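First comes the structure, then the notes that go with it.
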């Protein structure tokens with residue numbers, strides 16, 4: 001709402017600063033560090049630390065993926081629209097509180113004309129985040145993370161068709177690795193479903209295979225929904241003149257009525273179904289997870305902007321590629337995803353493909369501008385993630 005770093009969450013948020021000189025509203029003002037220089041603990045040592053910013057970004061991304069998987073993994077869970085609506089509501093409330101507290105200073109007043117122009121983009125966003133949660137519901141975290149790479153390929157060739165983009169040989173090689181990692185991941189998943197429990201459990205194998213097929217179908221839809229959202233947003237965003245928090249605010253605000261209407265129409269709101277979705281033994285944890293997932297959209301965006309500010313957009317891109325590995329491993333650790341030779345190989349190939357892709361983008365940017373990427377204007381969190389995704 002990637003990565004693309006936790007792509008669906010980041011693309012749901014920022015567009016980018018209107019100028020290179022525009023500072024992130026959460027970050028310390030000039031001179032603030034000097035005033036604190038004599039204090040026992042200098043906060044600027046933390047806020048200006050590249051290592052801490054990278055660690056914070058990685059932890060925020062991992063926690064968001066793990067939280068989403070936990071919330072939608074219940075055996076009877078079927079309220080995805082409602083879950084996403086709560087995410088958006090929590091995010092909007094958090095933005096308003098931050099604005100009232102003076103932490104956000106560049107959020108423009110609501111503009112009805114801009115909202116009407118942006119509404120079709122919000123509909124595409126609903127399709128993207130809904131199919132994302134459905135895919136995550138049926139697939140393991142490692143497989144989900146690996147298959148998300150395919151979105152980069154679709155967006156890249158969408159760029160070629162509609163925006164005159166280009167695909168370099170090194171980027172094409174990374175695409176081949178992404179496809180290979182997805183094929184290996186699917187093969188490993190299917191093999192484990194068919195033979196992991198032995199022939200005596202053929203009924204369970206059939207059920208597991210059916211679940212995987214549903215997950216792959218939702219993942220395929222998510223790839224094209226994400227590409228449609230990113231490419232359409234790029235076309236519209238230029239005339240909107242949105243700043244950082246404007247995009248996040250409109251994206252979440254405009255999706256709230258759509259998500260609630262879809263929930264009331266397509267989801268079962270009977271007391272019996274609500275009890276199944278929120279069983280007494282896990283109800284409090286689920287509610288806390290839903291609230292945190294809304295706050296995490298802000299955490300990820302802030303940590304991304306922080307990482308770019310104290311490092312560079314190049315470092316941020318590389319961190320996003322490297323972050324694929326711990327996100328995939330988190331699925332093995334927290335959700336007991338099957339650890340097989342095939343699954344580990346797929347994770348490794350996907351990890352390498354991300355590094356090759358980031359390297360290809362660095363080389364492409366260098367050849368275009370004939371300057372080091374570190375001298376280019378610093379971009380905000382999702383501005384960079386959207387650019388990484390859309391300018392493949």
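In case you wondered, yes, glycine gets a Cβ from its N, Cα and C as well.
Note that the structure is a prediction, hence the values are computed from the model and not measured.
Per Swiss-Prot, region 'Disordered' is recorded for 1-25 (among others).
Residues or ranges marked as compositional bias 'Basic and acidic residues' in Swiss-Prot: 1-11.
Residues annotated as transmembrane segment in Swiss-Prot: 46-66 (among others).
Annotation comment: Swiss-Prot describes 67-76 (among others) as topological domain 'Lumenal'. Across the topological domain 'Lumenal' (67-76), DSSP classifies residues as 6 helix, 0 strand, 4 coil.
The transmembrane segment feature in Swiss-Prot is assigned to 77-97 (among others).
Sequence-distant neighbours of the transmembrane segment (117-139) (same chain, 6+ residues past either end, Cβ-Cβ under 8 Å): 1, 8, 11-12, 65, 68-69, 72-73, 77, 80-81, 83-84, 147, 189, 211-212, 214-216, 218-219, 221-222, 225-226, 228-229, 232-233, 236, 239-240, 250-251, 254-255, 258-259, 262. Per Swiss-Prot, transmembrane segment is recorded for 117-139 (among others).
Tertiary proximity for the transmembrane segment (143-165) is limited to same-chain residues at least six positions away from its ends with a CB under 8 Å from its CB atoms, namely 2-4, 7, 65, 135-136, 171, 175, 178-179, 181-182, 185-186, 189, 215-216, 219, 222-224, 226-227, 230-231, 234-235, 324, 327-328, 331, 337, 343, 346-347, 350, 353-354, 357, 389-392. What Swiss-Prot lists as transmembrane segment is 143-165 (among others).
Positions annotated as transmembrane segment by Swiss-Prot, on the basis of sequence analysis: 172-191 (among others). Residues 139-140, 142-143, 146-147, 149-150, 152-153, 156, 209, 212, 216, 338, 340-343, 345-347, 349-350, 352-354, 356-357, 360 of the same chain sit 6 or more residues outside the transmembrane segment (172-191) yet have a Cβ under 8 Å from a Cβ within it.
According to Swiss-Prot, the feature topological domain 'Lumenal' maps to 192-210 (among others), an assignment based on similarity to another entry. On the 0 to 100 pLDDT scale, the topological domain 'Lumenal' (192-210) averages 73 in the predicted structure.
Taken from Swiss-Prot, the feature transmembrane segment covers 211-231 (among others). Beyond the ends of the transmembrane segment (211-231), by six or more residues, the same chain brings 7-8, 11, 121, 124-125, 127-128, 131-132, 134-135, 137-139, 143-144, 147-148, 150-151, 154-155, 158-159, 162-163, 186, 189-190, 193, 386, 389-390 to within a C-beta distance below 8 angstroms of the stretch.
Positions annotated as transmembrane segment by Swiss-Prot: 247-267 (among others). Counting only same-chain residues 6+ beyond the ends of the transmembrane segment (247-267), those with a CB under 8 A from a CB of the stretch are 1, 12-15, 78-82, 84-85, 87-89, 91-92, 95, 107, 110, 114-115, 118-119, 121-123, 125-126, 129-130, 237, 297-298, 301, 382.
The annotation N-linked glycosylation site is assigned in Swiss-Prot to 268 (among others) on the grounds of sequence analysis. Applying an 8 A CB threshold to same-chain residues 6+ apart, the list for residue 268 (N-linked glycosylation site) reads 78. In the three-state DSSP reading, residue 268 (N-linked glycosylation site) counts as coil.
If you look at the topological domain 'Lumenal' (268-285), the same-chain residues 6 or more away from its ends with a CB under 8 A from one of its CBs are 70, 74, 76-79. Marked as topological domain 'Lumenal' by Swiss-Prot on the basis of similarity to another entry: 268-285 (among others).
Cβ environment of residue 273 (N-linked glycosylation site): 76, 78 lie under 8 Å away, each six or more residues apart in the same chain. In the three-state DSSP assignment, the secondary structure recorded for residue 273 (N-linked glycosylation site) is helix. Under the heading N-linked glycosylation site, Swiss-Prot lists 273 (among others), citing sequence analysis as support.
Annotated transmembrane segment per Swiss-Prot: 286-306 (among others), in sequence order.
Annotation source Swiss-Prot lists transmembrane segment at 315-337 (among others), citing sequence analysis.
Listed by sequence, the residues of this chain that lie at least six past the ends of the topological domain 'Lumenal' (67-76) yet keep a Cβ under 8 A from its Cβ atoms are 83, 133, 136-137, 141, 273, 276-277, 279, 282, 285-286, 289-290, 292-293, 296, 331, 334-335.
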